[in-house]
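These notes are about the structure you will find just below.
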Ligand SMILES: Cc1cc2ncn([C@H]3O[C@H](COP(=O)(O)O)[C@@H](O)[C@H]3O)c2cc1C
Ligand SMILES: O=C(O)c1cccnc1
């Protein structure tokens, strides 16, 4: 088994040189300085992380990790766990929200079975099952430390493989009935916040079941003795296979200088954990939207990332991240394709 620190050290620092060249060019382009707002800072940060003063964010890919959660036995989701596997087939047939949004963004979708409870058969599925679902963390540990490390490794390999085959921008998504409970448990474990502050309705719980969901997490946290300074320990006690896999994917993408677009609650928690494992990954992380799940704001704030938009979405799958892909590509095009004042013969400002 590889030790996490052997491979997390491989993340390159961002390029200050590319950042300053991009910032200089941004100010010479034919527009009043700052007039493209956050697209400008986005383009400059993409230059820094890719190391290219004229960054390229095309082609983009969506990486979806799917897994089941033993804690669904506690009645914490509005839907049955079988929906995880059923949605994986829906992804592979192209009928899910993420497929429509990825097609809109011209992005490929890769679906990885990293821990779906049932056996899945499909040619286009990446079969990387670490174990068939986690244990019910209200009663036992979710998985072993070795399983966490294997899931991280799988995620790293899947993202690295996409990067090697040309992906320049990675949107991350997930499918796993019960995973908003897992995410809330992880956030409560790391931050010490009460579960009630960081749980949400997920697929659509009423008030009574929301309270029950918070209580299940509360009990789980007092059942386990968790070391919040050890991300592998936290993941093994109350984590999810797709969460660990996505954390690994974030690290793998960053190791190839590929920027990562986070989606909603679950994928942002995964990226946040990746940054706890290896802080060098932080500049490679970009927020897309703000989910309706209340804990999402908590994690984004802790990461210091501001979402680009807020459309009251609460789906997951990578949907918000896919929707953001064209914004990232637009930011890259601005640096690559706009003329400078000198090139276009346009007069500069008369007043500074
Ligand atoms: C049909 C369907 C499609 C989905 N696509 C994403 N999720 C989302 O909902 C699940 C998390 O919510 P909870 O913690 O309440 O179970 C995850 O699978 C997430 O990706 C879906 C959920 C359903 C029902
Ligand atoms: O924010 C999310 O990603 C989310 C919210 C509800 C259900 N599934 C995912």
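Every residue gets a Cβ built from N, Cα and C, even glycine.
Quick look at what TrEMBL lists:
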ACT_SITE  317  active site, proton acceptor
Ordered by sequence, the long-range same-chain Cβ contacts of residue 317 (active site, proton acceptor) under 8 Å (at least 6 apart) are 64, 87, 91, 96, 97, 98, 173, 174, 175, 263
DSSP output for residue 317 (active site, proton acceptor) maps to coil
